[in-house]
Amino acid sequence: MKRVAVLLGGISEEREVSLASGRQVAAALRKAGYDVFEIEVGADLGAVIAALTPAPDAVFNALHGRFGEDGTIQGVLDYMGIPYTHSGVRASSMAMDKGAAKAVFAAAGLPLAQHRIVPLDELAEADPLPRPYVIKPVNEGSSVGVFILREGDNRRADIARAWRHGSVAMTEEYVPGRELTVSVLEDRALAVTEIRAEGFYDYTAKYAAGASRHEIPADVPPSVSARARDVAVAAHRALGCRGATRSDFRYDDETDRLVLLEVNTQPGMTPTSLLPEQAAHCGIDFPALCAWMVENAACRV
């Protein structure tokens, strides 16, 4: 019986999401027959290292946000020689840095929206892109700190002054249409889901039960579904990801335009999360999904 440590919590703004993910994962792994213990991660890295000594057979990394999915904890685990789920240091750090990720995607010829990384003083003075456009942190997930600026919206300077996500912001063309997402397990795209939310698909819509509706499979033409799955796998490979990822898209029906927004190297594992839903749609129940992720990690050693 493998001994598995589940890392959950963390010190990012996505701590509560990680706690929910980690608890669900731990319960599923116990159901699948693993010897599981949970490590609630806080600011004391030494305590985490101590809790991982002696080393478990594998770590299920259920952390989200900075320090949990940006290559930091991955580097610690590599140093300790402990296999872990999801992507390694390089892929995790690149995916978390939206500017670096988009450079990789552009080099791979993947479809992107127009975008610019701008200093906050420049953002306060003028629009960096034609409106409507999106303002988002360079290195946060779960739609933390995301705003849409439309014609007539006078919040730009206020947003720049109140910004607490570093000295620059990612600005990106707002693509009208539908929100699509595709989960990938190594080289297999699972399904295409359309996310329907009232208004913007923000942090609350992502994680509050009933705040958004998931249509799986998405009601899009077969050619669009195939395109989204192909791009998701290509993005996973371009970043050098391992295990599970989830790629998010916008699709404009009127122009048949599909654009890749980002790749999530630590997809949510909460009751409303998309990866478990897509896996279930493909016949993989939640304990089996979690077990696959552990075995995928363990076999890399």
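Using the three backbone atoms N, Cα and C, a Cβ is placed for every residue, glycine included.
Per-residue pLDDT, averaged across the domain 'ATP-grasp' (102-295), gives 92. Residues or ranges marked as domain 'ATP-grasp' by Swiss-Prot: 102-295.
According to Swiss-Prot, the ATP binding site annotation covers 128-181, on the basis of sequence analysis. Annotation for MET170 (ATP binding site): spatial neighbours LYS98, GLY99, HIS115, ARG116, ILE117, ILE135, LYS136, PRO137, VAL138, criterion Cβ-Cβ under 8 Å with sequence separation of six or more.
Taking all protein chains in view, 19 other C-beta atoms sit within 10 angstroms of the C-beta of ASP248 (Mg(2+) 1 binding site). The Mg(2+) 1 binding site annotation in Swiss-Prot covers ASP248, GLU262.
Sequence-distant neighbours of GLU262 (Mg(2+) 1 binding site) (same chain, six or more apart, CB under 8 Å from its CB) are ALA95, LYS98, ALA101, SER247, ASP248, listed in sequence order. Look at Swiss-Prot and you will find GLU262, ASN264 tagged as Mg(2+) 2 binding site, backed by sequence analysis.
Spacing of ARG156 (ATP binding site) relative to ASN264 (Mg(2+) 2 binding site) is 27 Å (Cα to Cα, whole number). Here ASN264 (Mg(2+) 2 binding site) is positioned 24 angstrom away from LEU149 (ATP binding site), judged by their C-alpha atoms.
Reported as a whole number, the C-alpha separation between ASN264 (Mg(2+) 2 binding site) and GLY177 (ATP binding site) equals 21 Å. When other Cβ atoms within 10 Å of the Cβ of ARG156 (ATP binding site) are tallied across all protein chains shown, the result is 19. GLU262 (Mg(2+) 1 binding site) falls within a strand when secondary structure is assigned with DSSP. Cβ-based neighbour count (10 Å, all protein chains) for ILE135 (ATP binding site) stands at 23.
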